[in-house]
Amino acid sequence: MVGGPYYDVPQGRRDGRRSVDTDTLTALPSPFLNASALITLFGTHGFNVQDMVALSGGHTLGVAHCPSFTPRLKFEASTLDAGFASSLAATCSKGGDSASATFDRTSTAFDGVYFKELQQRRGLLSSDQTLYESPETQRLVNMFAMNQGYFFYAFTQGMGKMGQIDLKEGDRGEVRKSCRVVNKPSW
């Protein structure tokens, strides 16, 4: 629907019986992590550096709220395009903590623009821009910026691995009748 790659999602997988949005606060990486911390964190789940950078490219879609990036405006000026910083500061001063900004200029299309914007120092989050600033990951950012097809390939590989995290077996979890809703008890 947004132009990105297709990838297989195995069916019949058991999901947890709990689905609470606040769980993401501890499950997702902090927007303030540097490349080394991201590599370590993703590595604990079996991802390599290429997987981590490609999955970060999922930020080609969507928005982040001001508290996720205002520290970057104050403390990371050397890695932030001045015009972009001014625009973000105006957005947050006008809308407060509930205001948001898009991850890249094509935030409704799944494409490689996210990586091109990192090259221009227009990464919204610290955890985005660090991917270009770090020697550990800059080569991959450049490769994905230059070759969208390779980014798509690497992204699908990472999503395949992501689908294997915390698999439930036996009586743990449930196969949902609708993937969006926890099954109702049958008693």
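Here the Cβ of each residue, glycine as well, is placed from N, Cα and C on the backbone.
On a predicted model such as this, the values are computed, not experimentally measured, just so you know.
Features of the protein shown, as given by TrEMBL:
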- 1-183: domain 'Plant heme peroxidase family profile' (DOMAIN)
- PRO29: substrate binding site (BINDING)
- HIS59: heme b binding site (BINDING)
- THR60, ASP104, ASP111: Ca(2+) binding site (BINDING)
- CYS66-CYS92: disulfide bond (DISULFID)
Given the recorded positions HIS59, THR60, CYS66, CYS92, find the one whose Cα is closest in space to the Cα of PRO29 (substrate binding site).
HIS59
Might you list, by sequence position, any residue in that chain lying six or more from ASP111 (Ca(2+) binding site) with a Cβ less than 8 Å away from its Cβ?
GLY3, GLY4, THR60, GLN148
If you average per-residue pLDDT over the domain 'Plant heme peroxidase family profile' (1-183), what number do you get?
92
How far is it from CYS92 (disulfide bond) to HIS59 (heme b binding site), counting Cα to Cα, in Å?
20
Test of understanding: give the count of other CB atoms lying within 10 angstroms of the CB of ASP104 (Ca(2+) binding site).
23
Could you state the CA-to-CA distance between CYS66 (disulfide bond) and ASP104 (Ca(2+) binding site) to the nearest Å?
15
Cα separation, HIS59 (heme b binding site) to ASP104 (Ca(2+) binding site) (Å, whole number):
8
Looking at Cβ-Cβ distances, which residues of the chain lie under 8 angstroms from HIS59 (heme b binding site) while being 6 or more apart from it?
PHE103, ASP104, TYR114, LEU124, LEU125, ASP128
Neighbour count, 10 Å Cβ-Cβ cut-off, for PRO29 (substrate binding site): what number do you get?
15
Near-site residues: Ca(2+), ref THR60, ASP104, ASP111, CB cutoff 8 A to centroid:
GLY57, HIS59, LEU61, PHE103, ARG105, THR106, SER107, ALA109, PHE110, GLY112, VAL113, TYR114, PHE115, GLU117
